[in-house]
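Down below is the structure, laid out as structure tokens.
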Amino acid sequence: MYIFFPKLNPIIFTIGPVSARWYGFMYVISFLFAMWYGKKCSIKNKKIWYEKKIETLLYAIFLGSCIGGRIGYIIFYNFSYYSQNMLSVFYIWEGGMSFHGGLIGAIIVMSYFSFKYKKKILEISDFITPLIPFGLGAGRIGNFINSELWGRVSPNFSYAMIFPNSQNQDLKEIKKYPELQLLLDQYGALPRHPTQLYEFFLEGILLFFIIYFFSKKDRPTGSISGLFLIFYGLFRIFIEFFREPDPQIGLLKNIITMGQILSLPMIIAGLIIMYKSCYKK
């Protein structure tokens with residue numbers, strides 16, 4: 001009735017004490033794709049960035065988004081833990097990144113480049129935006145291989161997936177819904193939405209093509225960035241209804257997730273940018 005999580009090894013290879021993981025590899029290929037696609041796009045739009053500037057910009061944004069993603073996760077999702085375990089802030093191999101924090105980090109970097117090179121920040125973000133969805137999709141594949149960020153329990157969904165490492169969270173579900181005990185006994189874990197794959201499709205594939213086809217024509221400055229903010233925010237809010245809330249936070253007011261709260265300003269900002277770019281004279 002349900003789909004069992006495939007036996008995927010999150011480690012590609014190990015040399016001595018060092019292990020190369022698929023999740024980290026997804027960051028690498030995302031950066032390489034951004035470098036390749038960014039240079040390809042620059043051929044059509046040399047007035048914005050030349051090749052050397054593109055490399056510098058992408059290196060800086062990659063670093064800024066990684067730092068911002070880490071700080072964002074600490075502040076938005078687990079501040080109480082990290083405030084008492086300061087050294088754990090640097091244990092990035094244990095996971096803990098926030099897209100919204102990474103976005104803030106990238107905006108800070110783009111603001112600096114905007115000031116340095118005397119270009120509008122929306123010109124820079126319009127150039128960067130088409131490079132983002134591939135990385136989002138690759139990251140979700142990394143999450144899937146790690147068997148993390150799975151969805152909520154869904155016993156009535158035939159294509160729900162059995163994630164073997166969800167058992168600790170499953171036991172909490174059993175306390176609230178004792179009738180699920182039979183499923184836990186039968187399958188060893190409760191069936192859940194494979195939300196990593198949902199996000200891979202919506203944020204990675206679908207969003208990539210939306211931005212790709214929209215940006216093929218000349219658009220008003222800021223409209224590409226605005227469109228990305230709107231659709232990412234909508235997709236993220238939608239998926240959060242199926243995704244298991246972070247256990248240390250849960251549902252805020254038993255209604256909304258942190259991811260949904262952080263995505264709402266993205267939609268509002270995207271609408272404002274689109275309006276000012278396309279309709280305001």
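Glycine is no exception: its Cβ is also placed from the backbone N, Cα and C atoms.
According to Swiss-Prot, the protein carries these features:
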- 11-31: transmembrane segment (TRANSMEM)
- 57-77: transmembrane segment (TRANSMEM)
- 89-109: transmembrane segment (TRANSMEM)
- 121-141: transmembrane segment (TRANSMEM)
- 194-214: transmembrane segment (TRANSMEM)
- 222-242: transmembrane segment (TRANSMEM)
- 255-275: transmembrane segment (TRANSMEM)
| remark: Checking 11-31, 57-77, 255-275 against the transmembrane segment (121-141) for Cβ pairs under 8 Å, the most are found for 11-31
| remark: In the same chain, residues at least 6 away from the ends of the transmembrane segment (57-77) whose Cβ sits under 8 Å of its Cβ atoms read 31, 34-35, 38, 49, 89, 92, 96-106, 108-110, 112-113, 124, 128, 131, 246, 248-249, 258, 262
| Most Cβ pairs under 8 Å with the transmembrane segment (222-242), selected from 11-31, 89-109, 255-275 | 255-275
